[in-house]
Amino acid sequence: MRGPLGAVIGRYPSSDGVTQMGGIIRHNRKCRDITVLLIFIAFWIAMIVNSSFGFNQGNPLRLTNGLDYKGNVCGDKHAHPDLGELELRYWQNPNQVYQSGLKNSQFKLANARSICLLDCPIPSEDSLDWVCDYPEGDIRLSVADWINRNYDYFEFLTPEMRNSSLQLQGPCYPVIFPSVNVYWSCQFIARASNTSLKHWQQMGGVNINEDIVIDKSVHKSINSHSAVLKRYMADIGKAWPVLIVCGGILPLFLSVVWLVMIRHFVAAMPWITVAFFNILIVSVTIFYYLKAGWIGNDAITPIIGEHDPYINVFGRELTHLRVATVVMTFIMAVAVLTSIAIVRRILMATSVLKVAAKVIGEVQALVIFPLIPYGILAVFYMFWISAALHLFSSGQIVQNDCNSNCCTYDLLAKRVNCDLCCGYSIRYTPHIGVAILFHLFGCYWATQFFMACSSTVFAGSVASYYWNHGETSHEIPFLSVFSSMKRLMRYSLGSVALGSLIVSFVESVRFLLESIRRKLKVSSYEPDNCLGRAAYQSAQCFLRCIEWIIKSVNRNAYIMIAITGKSFFVSSSTATELIMNNILKIGRLNVIGDVILFLGKLCVSLSSVVFAFLMLDTDKYKSSRYKISSPLLPVLVCWALGYIVATLFFAVVEMSIDTIVLSYCQDSEEHQGTAQYAPPLLVETLGDENETQRLTQGTQ
């Protein structure tokens, strides 16, 4: 049986035997769950080593820019020659592109000869233009002069080089088809220029295929699943100013504003929160419709820069955005109907928030303290996102193993070489996938850990306020917060690490099950009978319930850890017993209050989404260098960051309510159903009328 906390909470004897006021936490605490703390430290060391591997092996340019025939990444300043300005990949030989698009063809587009250019070539209207290889050997042009000449030095070629070029063996290749910049690759359009093709034939050039296949070959490569995933990751790196403003600064400002308003306008805040939530979720849904092209003419396009308006190129990102729009429409409908349904419960939420507002007004340092975990998480996320981009691009560039027959003119060897037919590609080893999964798990565990630390500090500070009859130290206003933080750092980090690990583990298992389901669906192994589908849905529902229960138990466990200093499992047991003994009293208080707080978090995160859409709609993110493939992932990241920041600050209100409620329940149990330390406002909400009168008279 759990013993009373009278020796722990309230008065405590000093070393000279005199009973003093102000004690809440017993001073003979011990370090708890040390093993888990050591595991957490080892985990951080592994995270640093894992990230170092990414920084050493990765190059974020690989996520969007292709490779040339030498294995250089387009746009790489350290390549030979310097490709800092040359970001677009262009396939010089149109027949190779055509051949790679044929069904059952053994020739792959990755082996087609490609170079890096500043812009995509377009055929001339009255002559034949050429795109020549990088200048080297006897071609004594600088890269800058080569660019200024539109990559054309055909007039400087020797008769041997000209004959080789007419055989589509280089070093110069004709511009017969127009090309357009599609995600930093020049996609051919199967509309050969009659003028250019006529000049080519008059010069004795070999036959050039003009079929529509030449369109599909590059398009298929650009829209592959791996290419789309890389572009999504690259979007995060390009939109980093949006993440800082909409995922960090804006939610910080809105969270502080919400806390200040809850302090001074507590009666109106539930109504304001519900109304603002409905406006925001409708606004976000409209933005999705705009970018999906179902409203207006502002749909995302894979084509970069100016182009012929009759050219229409489809990107897989648009499909994903339209699916997200449908999902968002369903979420909006459910959310609006739910918010309307809880309007009748708003008055109960007001009474709940009044309790938290009272605590925040007395312990004002609670509003400022979240800046500490906020700053730590901000630094962590900047490091983590940068490491993630490098990990996703940390494959090795190796030459392909191909059996293709091709010959190209080698400017350095001054002859046609038929041995270098294979191109280059990025090869990913299995350990890179493991490193990425570990990195993702590390982010979730670290986030849960810092949020749990913040909640524990709040709980200790609020408990000090409650068990001192609502008195605070006016001389040292930050004393209770600093004392609670000191106790956490000294004794309870292991317990907090254990609680956050349990939540992270359950969430990771659910994520892996979902990934397996998607793979089975793609492989057509998804169970097609009702029993199989029901079993899967039941497993998902069970895991979601387990996750929700664990998060709820953890939050109350952190409160008891802050008060008693016990280990995680002991604190969980104590908190659960208190809740079960007072389930009716706690249930009617917490449920609707948690709903309003959840809507408040969504208001902050949805505001971040709205501003992210507005920032991503500027010209900067539609240009060649900084263009994002889709606003989908940056917007989702801004939403997640905004929600995390709001959770850090709103935990002040959540933990204030939960800590006071648990303290009230414990107070009532220790004093035969009469809470001796409870403030009148709390008794008015939870207790009976006689107890309210007693406390009111006692404070006069």
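Backbone N, Cα and C define each Cβ position, glycine as well.
According to TrEMBL:
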- 34-55: transmembrane segment (TRANSMEM)
- 239-262: transmembrane segment (TRANSMEM)
- 268-290: transmembrane segment (TRANSMEM)
- 323-343: transmembrane segment (TRANSMEM)
- 363-384: transmembrane segment (TRANSMEM)
- 488-513: transmembrane segment (TRANSMEM)
- 595-616: transmembrane segment (TRANSMEM)
- 628-653: transmembrane segment (TRANSMEM)
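Within the chain, the transmembrane segment (239-262) has long-range Cβ neighbours (under 8 A, six or more residues past its boundaries) at 269, 272, 353, 356-357, 360, 367, 370, 374, 378, 385, 600, 603-605, 607-609, 611-612, 615-616, 621, 628, 634, 637-638, 640-642, 645-646, 648-650, 652-653. Remote same-chain partners of the transmembrane segment (268-290), defined as residues 6 or more beyond its termini with a Cβ less than 8 Å from a stretch Cβ, comprise 258, 261-262, 296, 298-299, 321, 324-325, 328-329, 331-332, 335-336, 339, 342-343, 346, 349-350, 353, 596, 599-600, 602-603, 606-607, 609-610, 613. Annotation: stretch 628-653 has the most Cβ pairs under 8 Å to the transmembrane segment (595-616), among 34-55, 323-343, 363-384, 488-513, 628-653.
When the stretches 323-343, 363-384, 488-513, 628-653 are ranked by Cβ pairs under 8 Å to the transmembrane segment (34-55), first place goes to 488-513. Residues 183, 228, 231-236, 238-239, 242-243, 246-248, 250-252, 254-256, 258-259, 262, 291, 300, 302, 315, 317-318, 320-321, 324, 353, 356, 360, 366-367, 369-370, 373-374, 377, 381, 447, 451, 454-455, 458, 597, 600-602, 604-609, 611-613, 616-617, 621 of the same chain lie 6+ residues outside the transmembrane segment (628-653) yet bring a C-beta within less than 8 angstroms of a C-beta in it.
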